[in-house]
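Asks: Have a look at this one.
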Amino acid sequence: MLNSTRVWNFAICGGARHAPAPTGPFAARLGPLCRAWDHRRVALSSESSAASAARRPSGGPATSWRQVLARLTGGDDLARGQAAWAMDQIMTGEASPAQIAAFAVAMQVKVPTSAEVIELAEVMLNHALPFPAGAIRDDTVDIVGTGGDGVNTVNLSTMAAIVAAAAGVPVVKHGNRAASSLSGGADTLEELGVRIDLGPEQVARSVAEVGIGFCFAPLFHPSYRHTSAVRREIGVPTVFNLLGPLTNPARPRAGLIGCAFAELAEVMAGVFAARRSSVLVVHGDDGLDELTTTTTSTIWRVQAGTVDRLTFDPAGFGFPRAELDDLLGGDAQTNAAEVRAVLAGGQGPVRDAVVLNAAGAIVAHAGLSSRAEWLPAWEDGLARASAAIDSGAAEQLLARWVRFGQQL
């Protein structure tokens, strides 16, 4: 039997933590997972202060667009509360398109910090449609990515969300229509017959009765519309691309969060660490904002306020290498057909990627418990995700989800 304690008994060496080589009968299978971890502690005190400032965007010293943009274009991080002030100006319609564009591009060039992104996300959440107190259970999971990888894969996170929910993990997914691809998660769900126009009370009911719900971003974040035209006209990724996965209005405590931008994944992880979330921020080393099966992925594991970085090789769990072309999608109709095929038990590279990502969400959910162990959680997650498909549970859950919306 694998001695998990030994495998993950980290030694602190020169600022990094290294896992001793695995031993026992599973050593060959698990070896690729046990590479060096670069370990970083998130400065929670400063980021918690930033979150507090975000809840008071009108307080503190006077701020202007000239001050904010001067700092950013000079390469300086914003002072506490300035990012919150700027986001409040944007969300209330006070900022002009030129100011929004300048802010987005200057922040991206400077490279945003976790403290700044916390402020942006908190202001955005404060403007969102609220859920009734206690309507959403406190162990829900989101499975969502930043988008922007430019690859146009099938809707892996949407399928993974259905599979994870069928495996018993409560899911409240945040999503939108396609921005750069042919079909976003919302487009595919709509083609499958799932209603995407539900408000907070109905989404909460869906999670309680079906095990999964969907928060359609434009409905829950009406004030965010002020950025839409600017983002389309800019046409390049900015800090706004990070905000979707960080602003699920149901505020789930766990998640599998994909980031297409490797240099910003740790920034996102820092935000989740400040929230004390249990999250895997993932970046496929082929550029996908998913756990990939074409090569390794980088994972920033967030748990108990800390961030650990590791390289994850799905070959360690027996997954064959896929080609990127195997994961490509199409329009909503094509992607919906792929969803039905996978949930009906179809085999192949898409199923492998769905199982892997659903398992990642199950692992993140397990991380809400302080007793969770990394390798056993992965083995459990992969087994549960596979069983959810093979038993027909995932296919049945999708059918119940569709019926739920029809009966409202």
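From the backbone N, Cα and C atoms, a Cβ is placed for every residue, glycine too.
Whatever TrEMBL says is automated annotation, not expert-curated.
The domain 'Glycosyl transferase family 3 N-terminal' annotation in TrEMBL covers 67-128. What TrEMBL lists as domain 'Glycosyl transferase family 3' is 138-394. According to TrEMBL, the feature 5-phospho-alpha-D-ribose 1-diphosphate binding site maps to G145, 148-149, T153, 155-158, 173-181, G185. The anthranilate 1 binding site annotation in TrEMBL covers G145, N176. Feature annotation from TrEMBL assigns Mg(2+) 1 binding site to S157, E290. Look at TrEMBL and you will find R231 tagged as anthranilate 2 binding site. Residues or ranges marked as Mg(2+) 2 binding site by TrEMBL: D289, E290.
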Asks: Translate the DSSP assignment of T153 (5-phospho-alpha-D-ribose 1-diphosphate binding site) into the three-state scheme.
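Replies: It is in a strand.
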Asks: Consider the binding-site residues G145, T153, S157, H174, N176 and say which one has the Cα lying nearest the Cα of D289 (Mg(2+) 2 binding site).
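Replies: Considering only the listed binding-site residues, the nearest one is G145.
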Asks: Which whole number is the mean pLDDT over the domain 'Glycosyl transferase family 3 N-terminal' (67-128)?
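Replies: In the predicted model, the domain 'Glycosyl transferase family 3 N-terminal' (67-128) has a mean pLDDT of 98.
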Asks: When you measure from the Cβ of R177 (5-phospho-alpha-D-ribose 1-diphosphate binding site), how many other Cβ atoms are you left with inside 10 Å?
Replies: 17
Asks: What's the CA to CA span in angstrom from T153 (5-phospho-alpha-D-ribose 1-diphosphate binding site) over to N176 (anthranilate 1 binding site)?
Replies: 15
Asks: Just name the most isolated of the binding-site residues H174, R231, going by other Cβ atoms within 10 Å of its Cβ.
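Replies: Minimum Cβ neighbour count within 10 Å, taken over the binding-site residues H174, R231, occurs at R231.
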Asks: Going by DSSP assignments with H, G and I as helix and E and B as strand, what are the residue counts for the domain 'Glycosyl transferase family 3 N-terminal' (67-128)?
Replies: 44 helix, 0 strand, 18 coil
Asks: Once near-sequence residues are set aside, which residues in the chain of G145 (5-phospho-alpha-D-ribose 1-diphosphate binding site), 6 or more away, have Cβ atoms under 8 Å from its Cβ?
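Replies: Counting only residues 6 or more apart in sequence, the Cβ neighbours of G145 (5-phospho-alpha-D-ribose 1-diphosphate binding site) under 8 Å are S157, P245, I257, G258, C259, A260, D289, E290.
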